[in-house]
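These notes concern the structure reproduced below.
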């Protein structure tokens, strides 16, 4: 007796374009800026038997947990073919695992990666001093109820930037785009150059924006 086709059903987020943009940014932040140095990037040819998997990006987190973003291709919808890629975002802990939204994933990533305001910045802002740190992952705070201290620091940071020159303002708007450009130039791998200074830390725009996720 012929065995019927078996289906694997998991929650996914549709991605309208190809995954090169996501892969390039991950490799740029891992090998170039070192912001994601601890992250494990697994391309499709190393996944093994899961031929429908385009890539896996594993973010080690605190308390022996990790976040896995798995990209799929060649999926079959109810009719026709799925022309776009999709991703599954899963959070694994010692006791359980669950699928999460991009907003929740941003919060989890920011708990371990990309610097934020330090504890002493509120006192510096009150004294009118220049802030010594800033949040490199502002998108991760959108799903949370921000504290008054955080909102005040964001306003101070924005005012400092507005008083700067035009190059500083353009840098804020196009920071991650330049990162993607550099990533494409280094798509064949980054070779260490002893005479060059390390690149500056990058802002992370958030998963939904990078992947252009369609909810």
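A Cβ is built for glycine as well, from the same backbone N, Cα and C atoms used for every other residue.
According to Swiss-Prot:
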| type | residues | note |
| --- | --- | --- |
| MOD_RES | 98 | phosphothreonine |
| MOTIF | 110-141 | motif 'HCCH motif' |
| MOTIF | 147-156 | motif 'BC-box-like motif' |
| MOD_RES | 147 | phosphoserine |
| REGION | 154-167 | region 'Multimerization' |
| REGION | 162-203 | region 'Disordered' |
| COMPBIAS | 173-189 | compositional bias 'Basic and acidic residues' |
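If you take every residue in the region 'Multimerization' (154-167) and average the pLDDT, you get 60. For the residue listed as 'phosphothreonine', the same-chain residues 6+ apart in sequence whose C-beta sits under 8 angstroms from its C-beta are 90, 91.
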